Amino acid sequence: MTNGRYNTLSQNTRTPSRRLPGLPGVPALIRKPLAVVLMEASNDPLVRHLTLFDLVVIGVAGTVGSGIFAIVGLIGSTYAGPAAVVSWVLAGIGCVFSGLSYAELSSIIPSEGGTYAYAFVALGELPAIVTAWCLTLEFGISGAAVARAWADKIVEWVTLGAKTESRWIWLLDPFPGLGISPLAGLLQAACVVVLLRGVEMSKRVTTVMTAIKMAVCIFIIVGGLALFDPGNMLPFAPMGVAGVIRGSSAAFFGYLGYDEVCALAGESINPRRDVPLAIAYTLAIVAATYVLSALALSGMVPVDGSAASSSFVLAFAARGWHWACQIVAVGELVSLPVVVLASFLVQPRLLFVLASDGLLPKSLASTDERGVLTTATTAAGGVMVAIATFAPFAVLDDLVSAGVLLCFAITNSCAIVIRRSNLDPIFPGPCRPLVLLFNALCLAGGLLVRVACAAADRVSLSVAATAAEGGNGGGGGGGGGSTAAEAAEATAATAAALAFLAAGLVALALSICCPELPHPLGGPEAFRGPFSPWVPAVGTAISWILLTQLSWASLRWTLWAVGAVSLWYFTYGLKHSVGQKSRTWPQLAAATAAAASNTSTGEESLLESPPSTPEFGSGKRMGGNHDRGAGGKRERSQLRATFPGEPPLDSVSPARGGSTGRLSGEEGEGLAVGAQKEEGYMSFAALT
C-alpha cells in the first residue's frame with residue numbers, strides 16, 4: 001500500500017526512506033514506537049479500575065511473603081546475626097536503584113506488560129519477548145512455586161499435628177515420594193477461578209487477604225518487641241562485614257515483587273501518577289516490615305547456634321509464648337495464598353499484550369463482555385496448575401530468581417536508553433551499543449566475583465584444615481594448597497575490579513556521548529530518576545552480580561529457557577508479528593525521534609499525555625509549542641508522508657497543537673501526530 005517514503009517541505013528535515021525502527025537489517029530488533037504504545041493504551045479493552053490504594057495492596061501482597069517467615073530468620077541465624085537489620089536496609093537501598101528505573105519508565109510507558117513494553121520500545125522485539133519469559137518466571141511460575149511451598153507446609157503441619165500417621169493425610173499427599181502435590185494444584189486453580197470471576201472479585205479477595213497478612217506481620221513485630229532483650233543484640237555482627245554483605249544479598253530476594261504494579265499500569269486509572277507512587281509506597285512498607293521484623297527476632301533470642309533464632313515460631317516457643325507460635329504458623333498458611341493470587345494476576349495480562357503484538361495466537365487477546373481475559377486466564381491457569389502440581393519448589397526457586405534479576409538488568413538498561421537514545425530509526429547513535437557493552441562487562445565482573453568468592457572459601461577451608469592438623473600434632477601440609485587458592489582469589493578479585501572499572505568508564509562515556517534528550521519522552525510531568533545514567537547503571541551492576549551468584553544449574557536452565565523462547569520467536573513470532581507487517585511503525589518512530597531530538601529548549605515533549613483520560617486518542621493535547629532555529633529564528637518545518645494511489649495526507653487537516661487525532665480521507669482513515677509551531681507546524685500522519 002505504501003512505499004513509505006517521506007517528502008519534506010523544509011531542507012532542515014531529514015528524509016529517511018522506509019526502514020523498520022530498529023537496527024538496520026535486523027528485523028528481530030525492530031522497536032515499537034512510543035506513539036503506538038500510547039495509542040494501544042488509549043484503546044485498551046481492559047477496564048481501568050485500579051486506584052493508587054489498589055496498586056499498593058497488590059504490590060505488598062506480591063512482595064511480603066516467605067521473606068518475613070523464612071528469610072528474616074535465615075539471615076539472622078546464618079549470616080549477619082543482629083546486624084540482619086543492616087542487611088535488610090542495604091538490600092532495600094539496592095532495590096531503590098532499580099525501583100527508580102521502574103518508576104521513571106512506568107510514567108513514560110504506562111502500558112500492560114511492564115518491562116516487556118519498556119524493552120520493546122527501547123531495545124527491540126527479540127529482547128522484549130525474552131523479557132516476557134523472564135516476567136513469566138517472576139510472576140506466573142513464581143506463584144506456582146509459592147503454591148507448592150504452601151502445600152508442602154500444610155502437609156508438614158498436619159503431619160506434625162497428628163503426631164501419628166492419620167488416615168486423612170493421604171488426601172493431602174496421595175503420592176508420597178513422587179513429588180506430586182494435588183493440594184498445590186488446587187490452590188492455583190482457586191486463584192484462576194477468582195480471576196475469572198472478574199476484577200471486582202479479584203480486588204476484594206486480594207485486599208482482604210493482604211489485610212490478614214499484614215495483621216499477622218504487625219502481631220509478629222509487636223510481640224517480638226515486647227520480648228525484646230537488649231543483651232541479645234551483642235555481639236552485633238558476629239560474622240563481620242562479610243556476613244552483613246552476604247545477608248544483604250539474601251535479603252534482596254525478599255523485596256522481589258514490587259515491580260508487579262508496573263505490569264498492571266494498563267488498568268490503572270491514572271498510571272503516570274499512581275504507578276510510581278505505588279512503587280515508592282510498596283518499597284517503603286516492605287522495607288519497614290522487614291527491618292522491624294529482623295529487629296524483633298534478633299532481640300527475642302540470642303544468636304547462639306540454636307534453632308530458636310531461625311524463625312519466629314521457634315523464637316516464640318523458646319520464650320514460652322506457645323499460643324503465639326500457633327498464630328504465626330496459621331498466619332503464614334493463610335497469607336501465602338494471596339502471594340499466589342497476586343503473582344498470577346499479571347500472567348493473563350502478559351499473554352494479552354504478547355497476543356496483541358502477534359507474538360502469541362490472537363485468541364489470547366480476546367475478552368468477554370465484562371472485560372475479563374477469559375481465554376488467556378484459562379490457558380495460563382492450566383499451565384500454572386500443572387507446574388504447581390508436578391514441579392518441586394527447589395527446582396523452581398533459583399530459576400525464578402534468575403528471571404527476576406534479568407528483568408531488573410533489562411529495566412535499568414531501558415531507563416538509560418529511553419532517557420538518552422535519540423530514537424532515530426535510521427541513525428540510532430551509540431547509546432544502545434554502549435549499554436550492551438556495559439551489561440557485558442557487568443556480567444563478566446559478576447562471574448569473576450563468583451570465582452573470587454569460591455577461591456576465598458577454599459582458602460578458609462584450607463586454613464581450617466591446617467589448624468585442625470596442627471592441633472592434632474600433624475604438620476603443615478596444607479600450606480601449598482592455601483597459597484594457590486589465595487593466588488587464585490587475588491587474581492579473580494583483581495580481574496573483577498578491572499571489569500567493573502571498565503564498566504564505570506563505559507557509563508561515563510554514556511553520560512558524555514549520549515546526552516539526555518532535549519524533549520524527554522513523557523513530558524515535564526513524567527517522573528525522572530536522579531543522577532542518570534549512574535543510578536540505573538548501579539542497579540544493572542547489582543542485578544548481574546546477584547544473578548551470577550546463583551547455582552550453575554539455574555544459570556544453565558536460564559540459558560536453555562532463553563534459547564527456547566528465541567526459537568519460538570524465529571519460528572512463530574517473526575512471521576506473525578504486527579510490527580514486522582506494520583506500514584505505520586517506521587513513520588511514527590521517525591516522528592517521535594524528530595520531536596524528542598529537537599534541539600530547541602523550553603518545549604514540552606511530543607508524547608507526554610497519559611492514556612488515562614477518555615480524550616486521549618481523539619484530539620487530546622499531547623505536546624506544546626515548538627520554536628526551532630539558531631538565535632531564536634523561527635522556521636517552518638513539515639514532515640509529510642504520501643502513499644501511492646491515495647491523496648497526500650497533507651491535503652487532509654492534521655491534528656494541530658501537538659495532538660493525536662483521526663484523519664479522514666477518500667481512501668480511509670489515519671492517525672496524525674503533530675507538534676504545533678508558532679509559524680506553521682511540524683506534523684506527521686500515517687494511514688492505518
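Using the three backbone atoms N, Cα and C, a Cβ is placed for every residue, glycine included.
From the options 30-47, 534-551, the stretch TrEMBL describes as transmembrane segment is 534-551. Per-stretch counts of Cβ pairs under 8 Å to the transmembrane segment (81-103) identify 399-418 as the leading one among 115-133, 208-228, 372-393, 399-418. Same-chain residues lying 6+ beyond the ends of the transmembrane segment (321-346) with a Cβ under 8 Å from its Cβ atoms: 58, 61-62, 64-66, 69, 114, 135, 138-140, 142-144, 146-147, 149-150, 153-154, 157, 187-188, 190-192, 194-195, 202, 205-206, 209-210, 212-213, 215-216, 219-220, 223, 227, 257, 260, 263-264, 312-314, 380-381, 384. Pairs of Cβ atoms less than 8 Å apart link the transmembrane segment (492-513) most often to 534-551, out of 208-228, 234-258, 399-418, 534-551. As a quick check, the transmembrane segment (208-228) and the transmembrane segment (52-75) clear the bar of 3 or more Cβ pairs under 8 A, pairs 6 or more apart, so the two touch. When Cβ-Cβ distances under 8 Å to the transmembrane segment (534-551) are tallied for each of 52-75, 115-133, 234-258, 399-418, 430-452, the top count falls to 399-418. For the transmembrane segment (52-75), the residues of the chain that approach it from at least six positions outside its boundaries are 84, 87-88, 139, 146, 149, 203, 206-207, 209-210, 213-214, 217, 220, 247, 250-251, 253-258, 260-261, 264, 268, 270, 273-275, 277-279, 281-282, 285-286, 289-290, 293-294, 297, 309-312, 314-315, 328, 332, 335-336, 338-339, 341-343, 345, judged by C-beta separation under 8 angstroms.
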